[in-house]
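Remarks on the structure that follows.
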Amino acid sequence: DALLGCHRSYRSRPTHGIGKFKYLLPNEAPKKRKEKVQMKEISAGTEYQYGDVNIQMTSYDLCLVEHFAQYVHRLCNRLSIRVNESYAMPTKTNEVLFLEERGSKMQLDAVLTTHQRVVQVRGLSSTFAPILLEIIQSNQPEGVHLLVKQHTEDDFKSRLKSRPELEELLAQMS
Amino acid sequence: PCRAQPKKKKKVDVKKEQAQKERMKKRLKKLEKAAPELIPIEDFITPLKYSESNRVRSLPALSPEESERRVLLLKKWCLFKQKQDEAEKKAIKAVVESQQEALKELHLESEELYEAAIRRDEGLFPFERDGPTHTPPLPGYDPPEGKCIDITKVYTQ
């Protein structure tokens, strides 16, 4: 044990640094404390392929929307379509008030939450896109609203928090 | 109007304005350094009331016949779903194959039409479709008057 624990470096000998192995391992990037939320490049796509396409599913029912998003994601995996991201948009809450039959007071009916899930897909070929759309349509559950559109910078910015101070300062400067 | 002694305010004003501008620029730089944050999604945060309670559900004991019936039912359902899934995959393959065959024939017929068919359709996106409803819409339905208020929490950085 004492023989193995010895760390004397014989710098004059040719066997100096014989036990080193860390230089053979691949370089690990230093851990970043904060991963900055940066927008990934939006590909425009060639003439025969669509670029980044967003498949957005909206509904009042959370479980349905999540399960449908999972189904679409797995379908894309099975059909070897590259999925960039699969994220959730912030939930919107709506208070529904209706006018009572007798009287002018607004009666609270319900509080509805609207959930939205997005599956971002890249490299859809122009021949396969209508087939994929048909498959998704035929499996659409009830009450789930489907929207398929191209990805834009505005879509990404709608996920970020608003910064009123920055906007105020920019307005003042210009 | 000319004055005997010129106003001293001008230089001081200019300096003050410059100092103000520099302060604003510094503030801008600080704000711009901070990376933009994503809005936290309320779906993924379980409210505290579901994690604090100590209620435990006690299910009744199942008889062996009941549990066997359930297991057999589960197996039948699995088989049914598997057949359904395989039928779907077969249908997808058939559609893709027929499309490829049609494109080949078109290619043999005329080059121009083939090229035009291969190109991407700009009118395809954006595509919107509402999900199927449980019941068709009632013909003479008069909905009560009311309004919707958006009460989503606005997050600012």
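Cβ from N, Cα, C; glycine included.
The annotation region 'Disordered' is assigned in TrEMBL to B:1-27 (among others).
Marked as compositional bias 'Basic residues' by TrEMBL: B:1-13.
Confidence in the coiled coil (B:89-116), given as mean pLDDT, stands at 92. Taken from TrEMBL, the feature coiled coil applies to B:89-116.
Annotation comment: TrEMBL describes B:125-144 (among others) as region 'Disordered'. Long-range contacts of the region 'Disordered' (B:125-144) within the same chain, counting only residues at least 6 positions beyond its ends with a Cβ under 8 Å from a Cβ of the stretch, are absent.
Not one residue of the same chain 6+ positions outside the coiled coil (B:89-116) places its C-beta atom under 8 angstroms from a C-beta of that stretch.
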